[in-house]
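Comments concern the structure below.
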Amino acid sequence: MKKVIVIGVNHAGTSFIRTLLSKSKDFQVNAYDRNTNISFLGCGIALAVSGVVKNTEDLFYSTPEELKAMGANVFMAHDVVGLDLDKKQVIVKDLATGKETVDHYDQLVVASGAWPICMNVENEVTHTQLQFNHTDKYCGNIKNLISCKLYQHALTLIDSFRHDKSIKSVAIVGSGYIGLELAEAAWQCGKQVTVIDMLDKPAGNNFDEEFTNELEKAMKKAGINLMMGSAVKGFIVDADKNVVKGVETDKGRVDADLVIQSIGFRPNTQFVPKDRQFEFNRNGSIKVNEYLQALNHENVYVIGGAAAIYDAASEQYENIDLATNAVKSGLVAAMHMIGSKAVKLESIVGTNALHVFGLNLAATGLTEKRAKMNGFDVGVSIVDDNDRPEFMGTFDKVRFKLIYDKKTLRLLGAQLLSWNTNHSEIIFYIALAVQKKMLISELGLVDVYFLPHYNKPFNFVLAAVLQALGFSYYTPKNK
């Protein structure tokens, strides 16, 4: 019986263990996680804060007990602090006692995920990660300075937003998906909200300005104070350095009763030796093949937020820390360990979606800006159209954008925005087209249906393709 050690038991680790032990009884699994719970869906934190999710416990889909019942040995509140590849052993620290022990493996699975980037309290931005402690409610024990990832963070935010009457103003550092969702939740809870980011537009890493302009407009209409293009210099604290009082930026001070850091994440790979031919990506994630084996290390699998996977759009290894990628990577790694080569994760394209301030947004592949940065000869096609025939009497506006390589006509990415009816699932088949490196001419000939209840003969995707190919006879109506 082969012994497998799994480092990390959240989305990727849970998926791996469930798949492996449901398909085979030939493995002994020892799993370590430094948290006290597993499988928490952090995407639901803002929903719980705003009251959409009534019971925070519903955001869990597995437990250590379930994995133990399947045959795994699961050790919670245990941190892997060292790795010896020659001896095939890990050094594990019990966070409750501080005691360190050694465990040996035949095959290793790194599912250690990523941790929020935290900024230094007093100095300029350092991007230094604070030491993990699952019992800490706040960043660096500074009251009301918090990150957003864990169940523990969710409980703190729920208390701060919905029960703590002293919290009247909230500053959010970062305008990515987490920051924007929390901004909406804080606004729904009646807080004064300021969003601070070095980017010029909210969600500027995920969408181009035709979409971020609409998001900015909706946020300002809701009364959100946007400080875009602003660099954080540090956090303002009380005299005893126990309570945060605001944020210092290069454009002035922002007073706040609660400050949330949602800058981004950094992979937890610090325990992996840097001198043993692992190929690290620029942010510390580890490059893997289509079976999630670390390059140059066939008995080490890296899954979830610690992995850098081939991106079919950029044609580079990318670390895209999404639960969808984590779950799929865990499944593929488990199937390969069992002996199957039929299931493989050949590529990702960063497909994502956002629903805030009445807008439905979705994207896949490269933005126009990123495509240009990657050296493509970029072409774009943007249409504003109604989602179904005007003769139906009721219809909603949709904005759709294609990004492609003008030299080859290869599809590089797409973005979608709808104001009322949600059409974000259209991005699913566009994602497949980007993954398979289809040409926009091929995309235009995909056999899709027409039914006036739902769409047009020349739907907004086809309209964008026709426009890109130079067919000027079709002009979208926009009412």
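Keep in mind that glycine also has a Cβ here, set from the backbone N, Cα and C atoms.
These features come from Swiss-Prot:
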- Cys43: active site, redox-active (ACT_SITE)
- 8-12, Asp33, Cys43, Val80, 111-114, Lys149, Tyr177, 295-305, 322-324, Phe450: FAD binding site (BINDING)
- 170-185, Asp197, Gly264, Ala353: NAD(+) binding site (BINDING)
- Cys43: cysteine sulfinic acid (-SO2H) (MOD_RES)
Out of the recorded positions Ala12, Cys43, Ala185, the residue with the smallest number of other Cβ atoms within 10 Å is Cys43
Among the binding-site residues Gly176, Gly179, Gly305, point out the residue whose Cβ has the most other Cβ atoms within 10 Å, with all shown protein chains included in the count. Gly305
How many Å lie between the Cα of Ala12 (FAD binding site) and the Cα of Val170 (NAD(+) binding site)? 32
Between Gly8 (FAD binding site) and Cys43 (active site, redox-active), what C-alpha distance do you get in Å? 19
How many Å lie between the Cα of Val170 (NAD(+) binding site) and the Cα of Lys149 (FAD binding site)? 18
Whose Cβ, among the binding-site residues Ala111, Leu182, Ala353, has more other Cβ atoms within 10 Å than any of the rest? Ala111
From recorded positions Cys43, Ala111, His297, the one whose Cα lies nearest Ala353 (NAD(+) binding site): Cys43
Within its own chain, what residues at least 6 apart in sequence put their Cβ under 8 Å from the Cβ of Lys149 (FAD binding site), listed in sequence order? Gly42, Trp115, Pro116, Phe265
Around the Cβ of Gly8 (FAD binding site), other Cβ atoms found within 10 Å total 27
Given the binding-site residues Gly176, Gly179, Leu182, Ala185, state which is nearest to His297 (FAD binding site) when distance is taken between Cα atoms. Gly176
May I ask you to report the DSSP-based helix, strand or coil state of Val173 (NAD(+) binding site)? strand
Those recorded positions from Cys43, Val173, Gly179, Leu182, Ala185 that fall inside 10 A of Ala111 (FAD binding site) by CA distance are none
Looking only at the recorded positions Cys43, Tyr301, Gly305, Phe450, Gly176 (NAD(+) binding site) has its closest CA neighbour at Cys43
Val173 (NAD(+) binding site), Cβ-centred 10 Å count of other Cβ atoms over all protein chains shown, is 25
